[in-house]
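Features reported for this protein in TrEMBL:
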type	residues	note
DOMAIN	A:85-298	domain 'ABC transmembrane type-1'
TRANSMEM	A:29-55	transmembrane segment
TRANSMEM	A:89-110	transmembrane segment
TRANSMEM	A:122-140	transmembrane segment
TRANSMEM	A:171-194	transmembrane segment
TRANSMEM	A:215-240	transmembrane segment
TRANSMEM	A:246-268	transmembrane segment
TRANSMEM	A:280-301	transmembrane segment
Amino acid sequence: MSALGELRSIGTKKVKGGSKAKTENKAAYLFLLPWFLGLGVITVGPMLASLYLSFTKYTLLSPPEFIGIDNFIRMIGDERLHNSLGVTFMYVFVSVPVQLGLALALAVVLNRGLSGLSFYRSVFYLPSLLGSSVAIAVLWKQVFGGQGLVNVLLGFFGIEGRGWISDPSTALSTLIILNVWTFGAPMVIFLAGLRQIPQMYLEAAEVDGATKWQRFFRVVLPLLTPIIFFNLVLQIIHAFQSFTQAFIISGGTGGPADSTLFYTLYLYNRGFANFDMGYAAAMAWFLLVIIGIFTAINFWASKYWVFYDD
Amino acid sequence: MTSIRPTGKRPTGMRPTGRAAGFVAIVATAALALSACSGGGGAAAPAAELSDEPVTLRFTWWGNDVRTANTQAVIDAFEAENPNITIEPQFADWNGYWDKLATETAANDSPDIIQMDEKYLSTYSGRGALLDLTTTGDNLDLSGFSKASLDLGTSEDALYGIPVGLTTYAVMVNPTILETAGIEIPDDKAWTWDELEEAGAAVTAAGGGNVFGVQSWGFEEGGLNNWARQHDDALYNDAGEVVIKAETLTSWWEYMLSLTEAGVSPSASATTERQAAGLAESFLATNTAGFATGWASQLTALQEASGAPLELLRIPITDDASTGSAYYKPSMYWSVSARTEHPAEAAVFLDYLVNSEEAADLLGTDRGVPANDDIRAYLTPNLPESGKQVVEFLDGLTEDVGDAPALTPAGGSAIEAIVKQYTEQVLFKQATPEQAAEGFIKDLKAAIAAG
């Protein structure tokens, strides 16, 4: 509360309109300047440039040529784009719920007061740090390859494996498993959320005769919904933007037979392999709209299931 | 017992003059068909000045370990002769090369000297990314090249690429595997696709599930070009429009699918995996396929990787044989970035690459049979066995070679990704050959329209 109090006092000073307050504001802006510069030069500027490029035909090496909404019209008839949307939706809507479920389950287990909690927490968190790295994608390629670890393990049980990554029916699943494996980040957030739940609620429920399951579903879960909501929004956005894993595992092509052609990967290929940067910029803005719509739906739906205890 | 016929090999008393004349004739015809423009040579533009200061040039190429080693040796030799020039090598496998080059070019950070492919030449030169090499003055001596061969890299009077070498699409055969399977190397003078399938089936039958007859080849346009030419068809016309007929593509994929279904070629999944892993992991390179198609210039690298005495065979023909389906292709070009800060030094390095006998000795035929007439005449008697095989194979084709196909138009470099995508769909039965043919034409037209 003390921080809030300070903010209020700054507010009142400003209302009083003293020259001291103005100097303080100036100092604040001065300190914020590097951040503003970064925002302008690294984020807002390129975004505006990309917005302009989405209305042009731009082959990277010759200057962009304004063509109105032609790029967006072409997107309507682009079957590979539709396919890449299908692949991306499949990836997002399978991997995010499974990943969050796993993260929550492990967080609950770890929250039961295991000795060596910080060790396990670190171990489970590790994949989140590594998961989107090139090295792990390369490793994944080996693990799920025709001669890979998975097939060796299956071989012990007499099951004949296959080239998981080179078969279009299983290639996307390996990427989904990779994303699920990076459950550590949401897990740590869940763990923090679980620690925040006041012990007295649980004690009261226990006194009232609630079973372990009832305590979890009636007390813990409702109090955790804001955290679940936060993780859900974050992970959906994150999954829509996935690129590295599919790029490395498919060798940049989205293959086999476009089965791992994420929207972002197709965007990249249009821009950098086909020199169709105007179209790629248009695709990027369409992705922003898609992510915006899903985030808006999330926020709208949150009114019906997220419980704020205040 | 199996006798191994020395395919296409001539007695060692060779006729270099006849050979050279043959090449020149072919290149001349090809160039006429390819380019309506007149030649590169001696431009009036101001020549770039050489600097005495230390200069660093970035040099990029795609290729395998053999090429990396011999190219590094050439760089070392060049640096010893030119102490103020440092060459920074940058190499990649074919699969990653073009992504990287495109990204760097877009970021205005292109390497100075670029190994360029025919599919990409118009794409890059048409967008002003490449330097007109006629502007480099006396630093680059191109007198060893016929006008015809320089025309292969010329567009609108500007020379954007020096053809490094010539190559042609061929079948490579592993005699050891064929011997184990108890079959003879087919006579390639007039062999058909059916004979390839039969021989391949015999290899698969004897291979016990580990060795296959024919490595699948639907991942680059070379095989498709040959197939189209055998069906009196072509990918593009001279105006750079997509003209290939759906029937041609359908029959190509039908043949490939029938080989896969019959087990003559490995499963779709194994094929995809090996294809993604690169040349050194291909079935032929790992001694697990009897036959494979590829560019003749890859023979040295594949022999090195497999350790087997691989040989070159002509591409089979259809039953209603049409001749002239083979063609010589510039295996690659040397290009210089239009944004290089040191055009003169880059020209000095190119001059060394294409004119120096020392460089020729080190490079061999890994980049194709040299297109520089003088260097080819110098090199041929000194080549190691695999290099001689390549020269002799190309020479033996001279009578059967037709005009080169029309140049790939700007945007046409997308063909590689498109071919690969539809081959995978066909092999995994996600599309029929007819559907693939239709999709291929549509996608390629769109790519060129956008290019």
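Every residue gets a Cβ built from N, Cα and C, even glycine.
Those TrEMBL annotations? Automatic predictions, nothing curated.
In summary, the transmembrane segment (A:122-140) lies against the transmembrane segment (A:246-268): three or more C-beta pairs, each 6 or more positions apart in sequence, are under 8 Å. Using a Cβ-Cβ cut-off under 8 Å and counting only residues 6 or more beyond its ends in the same chain, the transmembrane segment (A:89-110) has close neighbours at 117, 120-121, 124, 172, 175-176, 179-180, 182-184, 186-188, 190-191, 193-194, 216, 220, 224, 228, 231-232, 235-236, 239-240, 242, 262. Sequence-distant contacts of the transmembrane segment (A:215-240) (same chain, six or more residues past either end, CB-CB distance under 8 Å): 88, 91-92, 95-96, 99-100, 103-104, 108, 179, 186, 189-190, 192-194, 196-197, 201-202, 205-206, 263, 287, 290-291, 294-295, 298-299, 302, 305-309.
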